Structures are given as structure tokens and as C-alpha cells.
Amino acid sequence: MKTLYSLRRFYPVETLFNGTLALAGRDQETTGFAWWAGNARLINLSGKLLGAHVAHAGLIVFWAGAMNLFEVAHFVPEKPMYEQGFILLPHLATLGWGVGPGGEVIDTFPYFVSGVLHLISSAVLGFGGIYHALLGPETLEESFPFFGYVWKDRNKMTTILGIHLILLGIGAFLLVFKALSFGGVYDTWAPGGGDVRKITNLTLSPSVLFGYLLKSPFGGEGWIVSVDDLEDIIGGHVWLGSICILGGIWHILTKPFAWARRALVWSGEAYLSYSLGALSVFGFIACCFVWFNNTAYPSEFYGPTGPEASQAQAFTFLVRDQRLGANVGSAQGPTGLGKYLMRSPTGEVIFGGETMRFWDLRAPWLEPLRGPNGLDLSRLKKDIQPWQERRSAEYMTHAPLGSLNSVGGVATEINAVNYVSPRSWLATSHFVLGFFLFVGHLWHAGRARAAAAGFEKGIDRDFEPVLSMTPLN
């Protein structure tokens with residue numbers, strides 16, 4: 001068996017099937033990895049690895065385009081998006097495409113265009129992936145040195161990191177330009193129940209924006225998830241885009257410092273573990289963001305948050321009973337606390353009953369009824385608008401608590417609709433994926449560190465139990 005430099009620590013298992021899997025430099029004999037180890041076979045074949053990554057991007061973009069068109073084909077304008085199981089159209093609507101006042105969809109053509117553009121892009125990526133996987137050079141170092149690399153080349157690795165950071169920064173600025181110049185984005189806080197608007201007065205104050213990072217993650221603080229106006233969100237993207245681009249330029253122009261060279265493991269598997277760790281953190285943050293935040297993820301498209309649906313129920317019954325003559329300011333509930341209104345731990349007037357635990361909810365249909373000391377009794381008696389009643393009644397029956405068999409809403413709510421909120425799907429999927437990515441991070445980090453330390457030798461084949469067993473054939 002040829003012993004390559006990369007094979008020093010591999011002791012491949014011989015199986016009955018090895019002879020049939022000669023894949024020209026991608027078989028177990030020459031790489032130390034069996035076919036099921038996926039891209040591990042391509043660790044030293046930069047051209048083939050490029051093909052795998054481009055083809056993977058093609059699959060992702062194809063799914064986005066096809067699913068986008070599937071949702072457009074199934075779209076019913078009479079029902080809210082969140083009642084139709086959509087997970088892509090809400091994102092397009094949040095960007096201001098195809099929607100008008102109150103989040104009403106007035107034109108589905110932009111959604112169709114988005115789907116078609118993604119399908120066309122996926123065809124280009126798919127062709128590129130197949131080309132590089134089957135026809136292109138196996139390694140890029142000789143023919144295209146700019147695109148070639150050696151995993152241990154620290155300077156080249158930080159250059160690649162820098163290019164990635166610049167691309168991420170450009171992505172952040174695309175959102176900024178959309179909000180500033182290209183038609184604006186959907187603002188759930190626009191007066192009268194939300195509308196598309198251009199963001200003109202960006203928040204660029206570092207004390208405000210970086211103050212979010214210093215907040216507690218609990219309760220009414222809510223870390224960065226507590227952001228509740230688009231000026232802060234778009235201004236934050238200006239800062240993030242700038243930091244990413246400047247950091248990218250920095251990493252392209254500089255070499256890693258001595259402390260970084262010593263502290264980090266410099267191998268392909270180590271970079272994989274770093275990436276998985278970062279994606280895991282993104283997944284957990286996205287989970288919290290989509291579950292709690294109704295500014296970046298407007299309730300008109302994603303359905304109400306859990307606290308929002310609960311507060312909407314309290315509001316709906318306050319409106320009903322007030323019309324029937326109840327004195328909502330003083331009525332007592334079964335525990336002796338206020339039935340409709342009570343005071344929070346810090347003295348604000350809040351909704352009473354079980355929803356008291358969600359007293360720090362902020363929602364655009366409720367904020368106009370607050371005064372300096374919480375809910376304003378005179379506004380509750382005189383200023384409630386029909387759109388606020390309609391929206392809270394809708395949200396009350398669409399709590400994001402559905403189970404997988406589509407029994408939506410609160411179990412005791414007889415008016416609930418059979419549906420699973422996209423908020424539930426997006427939060428749950430990002431939590432689960434974030435968890436698995438974290439496990440993958442630990443796994444690959446452990447392997448990479450062991451390999452770097454020189455004790456990843458595998459099982460001693462001389463004493464392997466299988467050698468004393470009867471052959472399968």
C-alpha cells in the first residue's frame with residue numbers, strides 16, 4: 001500500500017467492497033477515508049473540494065428557489081402568511097417586497113422573480129460544481145495558485161478568512177442599501193399598523209448599538225434580541241458591515257501574530273470545527289431572535305410571539321368586558337389581584353391574570369395605549385382603535401404553540417386555528433440545528449487537537465477483535 005504524507009496516522013479497515021471503489025485518488029487506499037467519510041477524501045484535493053462546495057451551494061440555492069416558487073403557487077391572499085405554513089415569503093415581505101399597509105400582500109410578482117432568480121443561479125452553481133468535481137483540475141495549487149492553498153499555510157488561511165469577512169460585510173450593506181434607497185423595508189411600528197418605509201434617520205451611535213451587547217439576556221433586558229426599532233437594526237448593519245470589511249482587509253494584509261500561531265490548531269479539521277462552532281452560536285441567537293423579536297420578524301408575517309399572543313388574549317377580553325359594562329380598572333380576579341389590570345414589580349400598570357408574566361412585551365398594536373406609568377386607563381377607555389382589536393383577536397387565536405400534528409394555539413382555546421406558526425418552526429429548527437452543529441464542533445475540535453498533539457493513532461489493528469472472528473463470506 002502506498003504510504004502518503006497524509007496517511008501517517010491512518011490504518012484503513014479492509015472490507016469486501018474496497019476493490020470496487022477505485023475512484024482515482026479518492027478511494028480508501030489513497031486517502032485513508034472510506035466513501036462514506038464524504039469530503040474528508042478531498043482534504044488534499046483542492047479542486048475537487050471546490051467542486052463539492054460549489055455543488056453544495058447549488059443545492060442550497062435550488063432549494064431556496066424551488067421552495068420559493070412552491071410557496072408562491074400555494075399563496076392565498078385572503079389568509080395571513082403565518083396561517084399558510086410559509087417560511088420564505090415572510091422573509092421577502094419583511095424586506096418590503098410585495099406588501100403594503102398593515103402587511104397586506106398587494107403583489108406576488110416580486111416573490112416569483114426571487115424564485116426564478118434563485119433557480120437560474122442554482123443552475124450556474126450546479127454546472128460549476130459538476131465541472132470542478134468531474135472535469136476540472138484535482139488540485140488548484142499548480143494551475144491557479146491564487147485559489148490554491150495548503151491547510152498549514154497560516155498566512156493563506158487568514159487571507160481566505162479576510163475574503164469571507166469582506167463578502168459578509170457586503171451582505172450586511174445590501175440590507176442597508178435596500179432600507180435606505182431601494183424601496184425601504186417593512187416596519188411593523190409604522191403608525192396605523194405597519195407599512196413599508198425608507199429608513200432615513202439611522203442610529204449610528206456606538207453607545208446605543210454596542211449597549212445592546214452589554215445588556216443582560218434575561219427579562220426586560222433581552223440582550224440584542226430586545227432591539228425594537230428599525231433605525232437601530234439598520235444602523236447596526238452599517239457597523240457590522242464596516243467591521244467585517246475592515247477586518248477582512250486587515251486579515252488579508254497581515255500574518256497571524258505569534259500568540260495566534262501558538263494558540264490555534266492549523267489544520268483543515270480545526271477550521272471545520274471553528275466554523276461549526278460559529279454557526280452553532282448563530283443558530284442559538286437566531287432561535288431567540290425569531291422567538292421573541294417582533295420587529296426583525298414582524299408578527300404580520302411570522303405570526304405573534306408567545307408573549308404577544310398571551311397579551312392579545314388579555315386585551316381582547318378587556319375590550320369585550322369593558323363594552324359589557326365591566327369596570328376594568330378595579331375589577332378583581334379570583335386571587336384578589338386585578339382581573340384585567342394590575343401593577344408590575346416596578347409599578348407600571350400591566351394586564352392582569354396569567355399573562356402578567358409577559359408584562360414587558362412590546363408590540364405595535366399595544367404601545368399606543370401606554371402612558372408614562374404603563375397602560376393608561378383613560379386611553380383604554382377612549383382610544384382603542386378597530387385595527388388594534390382586530391389584530392389582537394387574530395393573534396390571540398394564533399399562539400406559536402402548535403405541535404407537529406398541527407393542533408395550533410393554546411390547548412384550552414376553543415377558537416384556535418389548526419396551524420403551526422412559522423415562528424415555532426424557525427425557532428425550533430434553529431435551536432436543533434444549532435445544537436447539532438455544537439456537537440459537531442466538539443467532535444471535530446477534539447479530533448483536530450488530538451491529531452495536532454500526535455496521539456490520534458486509531459485502534460491498534462494487531463489486537464483488533466474482528467481479526468479473530470469468522471470472515472463474513
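Positions of Cβ are set from backbone N, Cα and C atoms, glycine also.
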*Would you please say which range out of 134-155, 354-375, 376-397 has the annotation transmembrane segment in Swiss-Prot?*
134-155
_Stated Swiss-Prot location of transmembrane segment, expressed as one of 178-200, 408-430_ = 178-200
_Between the candidate ranges 108-128, 234-254, 255-275, where does Swiss-Prot place the transmembrane segment annotation?_
255-275
*Other parts of the chain folded back onto the transmembrane segment (255-275), taken as Cβ under 8 Å at six or more residues beyond its ends*: 43, 151-152, 154-155, 157-158, 440-445, 447-449, 451-452
*With pairs closer than 6 in sequence left out, are the transmembrane segment (69-93) and the transmembrane segment (291-312) joined by 3 or more CB pairs under 8 Å?*
yes
